[in-house]
């Protein structure tokens with residue numbers, strides 16, 4: 001039986017065939033198992049010798065089964081590896097090249113310019129308290145921005161900030177002058193969306209406070225930003241304008257030649273000298289928090305600009321909605337320049 005079983009084991013070409021041989025000989029109803037079960041019918045003096053002989057046969061068959069099973073599994077694995085072989089010398093599949101979003105690139109450029117001028121970069125909460133967004137910035141109750149139709153109000157009385165200026169107040173409450181900061185972040189306006197307006201957009205705002213800060217310092221800062229952003233030939237101009245948190249206030253524009261060779265003035269943002277009422281509001285908040293009043297007699301300037309507008313002008317994007325449409329056909333056009 002042993003020789004026959006081993007021949008059948010060696011002749012099995014698949015794991016299924018080997019399992020059939022195993023069942024035939026050492027399964028629950030196998031030939032060897034039956035022989036062991038019949039030992040009880042033998043005379044007592046013969047059982048021990050016959051049992052030992054059958055166990056030797058069973059062990060030999062099991063050893064042959066194990067060896068054959070290992071060989072068949074190795075062969076199956078080798079065949080699978082051969083069928084799935086990868087030529088590691090072939091070039092890999094190219095990954096699509098990424099690129100910076102136009103807004104990110106403009107922001108990085110501006111941050112780099114202001115860091116070179118010694119500005120610290122900070123961020124603030126997008127969900128803001130009404131006092132920080134309006135009252136502390138000298139925005140009166142009758143200002144249009146405080147209307148329900150122009151601001152996203154939350155049920156608890158807070159709001160989505162309409163500008164990054166609240167961080168001026170928060171920073172001054174926690175810090176004493178002199179300092180130079182720029183604030184970056186998203187702002188929200190409750191208005192209809194069209195080619196030039198979005199309910200959410202990005203701002204970069206600057207604040208400088210110290211002794212003897214003047215309008216000339218502000219103009220020099222804006223001019224330096226213009227040259228850093230648009231080249232050494234860029235020029236800046238200022239026109240009087242009203243903003244409740246600065247006095248005097250101005251709009252600023254940059255004279256720039258675009259990639260198509262067209263030169264014109266581009267309005268970029270607003271600026272001005274920090275209003276004395278803003279400094280007073282900050283000192284009031286500091287006093288309420290147990291801090292010294294340190295802003296009386298100080299001067300400073302602030303400025304703010306929209307990043308989407310700069311990117312639209314710089315890259316010739318006609319519609320602000322393209323920035324957030326997640327359309328790879330649009331953003332992919334800037335991969336070479338922005339990547």
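Each residue, glycine too, has its Cβ placed from N, Cα and C.
Taken residue by residue with DSSP, residue 247 (Mg(2+) binding site) is part of a strand. Residues annotated as Mg(2+) binding site in Swiss-Prot, with similarity to another entry given as evidence: 247.
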What residues, ordered by sequence, lie under 8 A Cβ-to-Cβ from residue 247 (Mg(2+) binding site) and sit at least six positions away in the same chain?
272, 273, 275, 276
